[in-house]
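Written out below as structure tokens is the structure these notes cover.
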């Protein structure tokens with residue numbers, strides 16, 4: 001069995017350690033003897049997006065988003081086909097924003113997004129940021145799970161529906177003092193939680209792996225891994241967050 005991951009704009013969309021998410025997926029797949037195949041797709045490059053189990057796009061500043069926006073739009077048909085074929089997506093920060101209808105940056109410039117997901121983003125003030133540790137309560141299948149991580153963004157994302165990733169326990173979320181964070185549907189997770197997302201949240205990593213592989217292997221079962229160290233780190237971070245309130 002193999003797990004094929006395509007990393008979009010790996011060379012310019014990697015703020016705050018977003019590649020840590022990929023390293024975590026690779027580690028957890030290798031522990032289960034599942035072959036991890038990693039490929040990239042940058043500006044001017046083409047791929048058959050439907051060939052992959054998971055497509056990942058990380059975060060980038062306004063400049064990087066403006067640079068790649070036209071190229072991303074040129075890939076819209078292939079990306080839409082991949083969605084229609086059941087491919088899963090993990091989108092972080094700038095990647096999350098650009099899959100919505102549009103993004104208005106600090107200069108008031110409108111950057112068209114793929115318009116494949118029901119939300120838009122605006123950045124009202126370049127000097128004001130949602131930054132710091134964050135905890136959300138996410139429903140992963142039948143399980144509720146506290147997702148812990150770090151957010152750092154000025155963009156304010158407004159959902160057109162109630163398909164959020166999780167309810168905010170501590171932190172901001174999609175906007176300043178928002179009650180919800182991110183976007184999630186049957187194939188996509190979009191979030192402002194950066195490179196610490198999957199290293200700090202092993203249950204979420206396995207949820208993403210299983211959901212992606214189950215498109216082709218609906219009866220797949222993942223054997224349990226020893227997450228003692230990861231869970232100790234989670235408890236330490238939660239303790240620090242709670243003590244700072």
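From the backbone N, Cα and C atoms, a Cβ is placed for every residue, glycine too.
Database features (TrEMBL):
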ACT_SITE  93  active site, nucleophile
ACT_SITE  194  active site
BINDING   129  substrate binding site
DOMAIN    7-201  domain 'CobB/CobQ-like glutamine amidotransferase'
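Location within the structure of each feature annotated in TrEMBL.
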residue	record	DSSP (3 states)
93	active site, nucleophile	coil
129	substrate binding site	coil
194	active site	coil
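Taking the recorded positions 93, 129, 194 in turn and counting surrounding C-beta atoms within 10 angstroms, the largest count is reached at 93. The residue listed as 'substrate binding site' is 13 Å away from residue 93 (active site, nucleophile) when you measure Cα to Cα. Model confidence over the domain 'CobB/CobQ-like glutamine amidotransferase' (7-201) is summarised by a mean pLDDT of 95. Distance noted between the C-alpha atoms of the residue listed as 'active site' and residue 129 (substrate binding site) is 14 Å.
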